[in-house]
Every structure is written in structure tokens, then in C-alpha cells.
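Features reported for this protein in Swiss-Prot:
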type	residues	note
DOMAIN	9-41	domain 'LisH'
REPEAT	86-125	repeat 'WD 1'
REPEAT	128-171	repeat 'WD 2'
REPEAT	175-214	repeat 'WD 3'
REPEAT	217-256	repeat 'WD 4'
REPEAT	280-320	repeat 'WD 5'
REPEAT	322-361	repeat 'WD 6'
REPEAT	366-396	repeat 'WD 7'
REPEAT	397-434	repeat 'WD 8'
């Protein structure tokens, strides 16, 4: 069982079992287990017992169902485990901590709230922005002590928060001339990308707070931005109805401009390497070339109610239809086979890329209003150091080699993927879907 759980999950399970045994009148068994697991009386007082005594009964079926269904590559969200409510206005954005069971949500109420998604509890409320919080992202940039949380706002600023220091606001970045609509940490470096209604994409050095590059080309509000896994490329989209791929490895270069949507674009995503085996046939490729980039395939969502899949040549491979209103957010399943989307039609849809983008699941009635945001908990390693695994991935030049290596693929999916999805809405609720 330990192989399937993070340290945090294992600790919660141990405490839940101890509390359950204690509540059911088994003091000797409780004492033996507490000693075996190293849980002291100080660590597990009466308050802790009350907190955990019903947790096993609530989450036990989910835990064992997860053990029985170990193919995390095929997991899709079902009904929400928790519906969390504390914001006083629309939730615009969410972000998962890369290691722990924390999730951040940002709202029109100008606050950021940090929750424990395993327990369904609010941990802290962050105040600092003076207008709506538009986007959030966690990252671990070199030079920073641990993980940082970035937030951006309609107040024209970007703020950096330190989770290790009680989420202290350690830096405020200023430079955009209008609403800052999106932020994303760029992997393998100290850069943060931001998108704004001022039509610019900016790159910031989070170690000193300086804007190091301003990327121009869009002719309207830039709604969203994301980065490739190696940090070489960023993808941006917005109200000019274009999708732009930029090579930021040297002088910013508009490598590719894609046009096809018939209304403002709301969101974009770069496909992970695990998706290549499903997307390559759509591009009539036998496999991805060794000379290929880490931005071989992309997806965009629009107010025209569609999702489009693109390749690195700028070709629209497919248009996914089914939503009845604006597509607000999209995310690729870490296993690569599925693409998930949410919309103002109040649905979460799952599209199977192995079946030419067929919609195989529609989840309705979990929110009472437009669904504004969607995130999948980032993958983690439980048995292998994260840096070592990343180094291994970087040493394999062809994604096809990963797919051929069954042992690596199995460990990559079973050990890394966290089956947790979250959505936020104008109904002020944060929904947690967990397997």
C-alpha cells in the first residue's frame, strides 16, 4: 500500500486507522499500532482523534477502489469527493501544490484560499490583491527556497507567495498596463510567464522580480499562456483569435501562428509526451521525429464552443464539438489518452484521443453556474527521486522510445500520476474529484 501513497496520504491513513480503532473500543490494539507507527500521544491528542475517527469510514472505499483500479492512465473523474465553499464571489483559478495535498483557489473577492484537498478543509486565506485574482501557479524555480505560489490580478500586479513561510508575500511584480490574466512558471529555469489585457506576454526572473523580456505580437487581450516541459517554448492565445507558439530559448521568436477559431480564445495547453502516440496518427505521422520539439501538439478552447487540436506545423488536426457554451479551460490527462474541458454550459467533458477525440464522459450538475477553471494535480514520484526521473526523461530524445519501454512507462504512470482533478465556478464552489 505504501507504494501507492504519498507520505502525507500514508500519515493521514495511519491516523485514521488509529482513531477508528480507539473510537471502537480497542485500546490495546490502538496502543500497539500507535507504537509501531511512531505516533505519540502528543501527536495524536483528543482533538486529533475527533478529527480522524470518521475519516476512514468516509474515504476507505475510495482508497480501496483506487488500489483495485491501479491503471491511473485510464482514470477519469466521477462525482466530486468534496464541494468546498468559502469564497464570497466567483472562483477564477486553481492550482495544485506539486508535492503536498494543498490546492490554491483565487476569486473575484480578491482573496486566495489554500485548502487541503485530501481532508476537504480550508487552511488559510491570503489577502494582498486589491482586485480580482485571475490566475495561480505553483513552481520550484532554481534559486528559490522550495516551492513558490504565483498569483496575478486585475490590479495589474503579480505576487509571489512562500508556502514554507506561511504563504508570506515575498515579492510583487509590476509592469503590465492592464489586467494580468494568466501566469505560468517555466520549467528548468527561474522564469515566470504572464499574459495580459495590454496585449503583451512578459517573462519575469522570480529571483529578483525583474521583467527580462516583453513579447509582442498579439493584437488583443492575451487570455492564457502555458510552457513546454523543457521551458523552450510558450504558447499564448486570446481575443485576436490567434494561437501563437514562441521560442524563448534565445531572442523571443513567434515560431508559429495558428488561426481557426471563430470567437475569442479562452485557453490553451501543450500536449505532454504521453499524448504523442494518440495524436501522431491524426497528423499522419508514424511516430514523432527525433528532431521534434517538446511542443509537437497543442490544444485550444474558445468562445466559439469548440476545442481545436494543432500540430507543430500549425495544422488544425481536429475540432472537438459538444459544448453548448464558451470553453473556459482544458487540460491533458497525464496518461496522455484524454483531454478534459470545462465550459459555461456547466459540464466537464472527457475526450478520448485514441478514438479521434470522441467525448466519452460528460459530468453534469456538479456546479450551479459557469465552470471557470480546471486543473489536474501534477504528477509526483513516490519511490524515485523527482530529479532523477526528470533526468531520465531528458536523456530519451524520442518520445517513441518511452512508449516502447514498458517498464518505464508503467512506473511513470502508476507511480507518478495523482488521480485528482479540481474545478471552480461562478457558484463560488471548488469541487474536488479524487480517485
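Note: Cβ is positioned from N, Cα and C throughout, glycine not excepted.
Owing to the predicted nature of the structure, the values given are computational and were not obtained by experimental measurement.
Long-range Cβ contacts of the repeat 'WD 4' (217-256) within its own chain (Cβ-Cβ under 8 Å, at least 6 residues beyond either end) map to 178-179, 181-189, 191, 193-197, 199-201, 203, 262-270, 272-273, 293-295, 298, 300, 302, 310, 312-314, 394. In the predicted model, residues of the repeat 'WD 6' (322-361) average a pLDDT of 98.
Each residue in the repeat 'WD 2' (128-171) gets a DSSP state, and the totals come to 3 helix, 23 strand, 18 coil.
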